[in-house]
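Here is the structure we will look at, set down as structure tokens.
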């Protein structure tokens, strides 16, 4: 049986196995605390995420179970990789993942990114999304703080707690407001993987601009900001809205023509970057570009390699997600997943992403290392 050490971090009890030493707080969210620590077995730094009181409610237990299942199934260079999982004596769950130095949100809050980094990062985001979507998974909460980056320019998408199957009925409140797709705000009962592409488009715009494109103060203000730039929703979109009140709201909006997106980014922005942005930020999701097609866009030609943009081995099994389990049943299911992970030889971490297309990754890494140093992130 594993031995545990108990410490107090930011006023929170933090219990971890003796495999790990020197926990240091790096983040706190509504569902738990994240600390950096050193793994004495692998001799590598890790991020230890504490999920607090996962068995207190059926909804939290299901969210926890879903995240564990997804982390076990999704294996890709541009997705965060689970290294270990354990349940503490106080019945909190701890998930160890690889540790990356910073996140995109933190970087963007300090200084604008050089265009070459924006290009490389959106490529990796879309590469990860292509894989996620091929598994019939929608991330639903893509935002800069869920994009982790290290000093080698390696990028990984994290936080799959809100991820869902693409299905006929979907809940409306997902994604941080600035990055929320219009079909979610328009209370559609069905939406798909295109919501992640919209979020990625918002992230690309923010990298190019150095500030959010749609910084809405509330739900209504958010939609006004979108229509101020992209124009009124087309009839094809309005016809899919199921709420009469929402239809009335959309029809009451003043008539607005779409603006040229070149007016919302710096004057020296690459034409191809603007063109990709136009294809990602389309109000009608049925005509919005897919992650797979976006990878083929000329803007990403320096990195695009169809032989090294893998898809999942098959769709993720979502059969559990439609059922409502009692808390005790969910608890047994979570314990079973943890034991399964610990008792099965887990595949090695995906190799670091290294495009075979003709560019010099070492030069980009050196420049990014200097950028991080100048930003105080190293």
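Cβ atoms are placed via backbone N, Cα and C, with glycine included.
Quick look at what Swiss-Prot lists:
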DOMAIN    20-300  domain 'Protein kinase'
BINDING   26, 27, 28, 29, 30, 31, 32, 33, 34, 49  ATP binding site
ACT_SITE  141  active site, proton acceptor
When a 10 Å sphere is centred on the Cβ of residue 34 (ATP binding site), how many other Cβ atoms does it contain?
-> 19
What is the number of other Cβ atoms found within 10 Å of the Cβ of residue 28 (ATP binding site)?
-> 15
Listed in sequence order, the residues of the same chain lying six or more positions from residue 32 (ATP binding site) whose CB sits under 8 Å from its CB are 49, 50, 51, 52, 92
For residue 34 (ATP binding site), what is the secondary structure state per DSSP, taken as helix, strand or coil?
-> strand
Per DSSP (helix/strand/coil reduction), residue 28 (ATP binding site) sits in strand
Here the 10 Å Cβ neighbour count for residue 141 (active site, proton acceptor) comes out at 22
What is the separation, in Å, between the Cα atoms of residue 34 (ATP binding site) and the residue listed as 'active site, proton acceptor'?
-> 18
Near the Cβ of residue 26 (ATP binding site), how many other Cβ atoms are there if near means within 10 Å?
-> 16
Between residue 28 (ATP binding site) and residue 141 (active site, proton acceptor), the C-alpha gap once rounded to whole angstrom = 17
Cα distance, the residue listed as 'active site, proton acceptor' to residue 26 (ATP binding site), nearest Å?
-> 20
